[in-house]
Amino acid sequence: MFSHNLTATPFYQARVLEAMANNRPNNLGWNVPKEELIHIPEHWLIYPEPEASMHFLLALIYIGFFIMATIGSGLVIWIFSTSKSLRTASNMFVVNLAICDFVMMIKTPIFIYNSFYRGFALGQFGCQVFAFMGSLSGIGAGMTNACIAYDRYTTITRPFDGKVTKTKALVMIIFVWSYTIPWAVLPLLEVWGRFAPEGFLTACTFDYLTNTFDNHMFVVVIFTCSYVTPMSMIIYFYSQIVSKVFSHEKALREQAKKMNVESLRSNQSQATQSAELRIAKAAIAICSLFVASWTPYAVLALIGAFGDQSLLTPGVTMIPACACKLVACLDPYVYAISHPKYRLELQKRLPWLAIKETTVSDTQSTTTETTTNTTQAATT
């Protein structure tokens, strides 16, 4: 029903030819072969070519992102996959998230190469590869974050019978990729939507600028499925976690008051943060990472499809791209390096890092496990 080749339509070709006629030597696209210009939305061709220093600066930033993310995600995949003590159902989601972040970053050499050559150097093929890998990793990461939220939600709200098994975790991961792949394949084959250059013409994503009904529908549907759906799940599950912890903390305090004791926790210290505060902070941090990484792109796509496109200058559209790459760098550290068991295993294998992790307590390994103990205490 949605099958079409947008770049082959006479209307689109006429628009590009008009943009080419008005394109000055110093505008974006000046160094792109004519046969490749058909793939570039005419919106970008009216803007002046950025200074070479801007291209080189972005290339250096992306080199830093690439090094930081590949090391972080690579270590997570290596440690969690080869350590028996870390092969748990919950950690399967962490590994899957690290794989998504790794895929997100291994496409950055395409951007770096384009930046040093100041434009669409690798042509349509490089653009397709870049955007396809970005779609896979971005949507996959969003859905994996939702799975992590669900895993923690079931562990906390149903500590005795709600823990996710390895089989269930594997099924959920298969579902994540089954859900994600079509949204990358459809625009790749131009069955629905397409991939196109954006910004400085050094990066590519799905086309949110072409003013056709099919393209507008694609933007709405992919916005709903790749952003609204995982975001809603993350917010729901973590809000339920916070609510559950608050209610149990309240029950503990009331019971302690009835028993005329200060606290029901024998090992509670004044210097230790309450479980409810730790859970609240973890929930806020995790939700904030997802919001910070994909909200700019979501807003950008909606403006491009339904708003004032003049707001989308090449420089402005590079900001969401950097935000996504930055969060891909931070994910392995937020989700894994804060884990004492992971740090202990890392210390054993790479002692020169001088991590100095001496003990690992099961009740302190994750926020999930801490809250489980809170739940059990409240029910006894």
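Just so you know, glycine gets a Cβ as well, placed from its N, Cα and C.
Summarising the annotation, TrEMBL assigns transmembrane segment to 56-81 (among others).
Model confidence over the domain 'G-protein coupled receptors family 1 profile' (72-335) stands at 86, taken as the mean pLDDT rounded to a whole number. Annotation source TrEMBL lists domain 'G-protein coupled receptors family 1 profile' at 72-335.
The transmembrane segment annotation in TrEMBL covers 93-117 (among others). Remote same-chain residues near the transmembrane segment (93-117) are listed as 55-56, 58-59, 62-63, 65-66, 69-70, 72-74, 76-77, 80-81, 126, 129-130, 133-134, 136-138, 140-141, 144-145, 147-148, 151, 169, 172-173, 176, 200-203, 324-325, 328-329, 331-332, 335-336 (criterion: CB distance under 8 Å, separation of at least six residues from the stretch ends).
Positions annotated as transmembrane segment by TrEMBL: 129-148 (among others).
As annotated by TrEMBL, transmembrane segment applies to 169-189 (among others).
If one looks beyond the transmembrane segment (217-238) by at least 6 residues along the same chain, the residues whose Cβ comes under 8 Å of a Cβ in the stretch are 2, 138-139, 142-143, 145-146, 149-150, 152-153, 179, 183, 186-187, 192-193, 206, 208, 283, 286-287, 290-291, 294-295, 298, 301-302, 304-306. If you look up TrEMBL, you'll see 217-238 (among others) marked as transmembrane segment.
According to TrEMBL, the feature transmembrane segment maps to 282-306 (among others). Within the chain, the transmembrane segment (282-306) has long-range Cβ neighbours (under 8 A, six or more residues past its boundaries) at 138, 142, 145, 148-149, 205-206, 208-209, 215-216, 219-220, 222-223, 227, 230-231, 234-235, 238-239, 241-242, 312, 316-317, 319-321, 323-324, 326-328, 330-331, 334, 367.
For 318-338 (among others), the entry in TrEMBL reads transmembrane segment. If you look at the transmembrane segment (318-338), the same-chain residues 6 or more away from its ends with a CB under 8 A from one of its CBs are 58, 61-62, 65, 68-69, 72-73, 75-76, 79-80, 94, 97-98, 100-101, 104-105, 108, 134, 137-138, 141, 148, 198-200, 203, 205, 285-286, 289-290, 292-294, 296-297, 300, 346.
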For the transmembrane segment (129-148), sequence-distant contacts whose Cβ falls under 8 Å of one of its Cβ atoms, 6 or more beyond its ends: 90, 93-94, 96-97, 100-104, 106-107, 110-111, 169, 172-173, 176-177, 179-181, 183-184, 187-188, 195-196, 203-206, 225-227, 229-231, 233-234, 237, 286, 289-290, 294, 324, 328, 331, 335
Long-range Cβ neighbours of the transmembrane segment (169-189) (under 8 Å; 6 or more residues past either end): 89-90, 92-93, 96, 128, 131-132, 135-136, 139-140, 143-144, 147, 150-151, 195, 206-207, 218, 222, 225-226
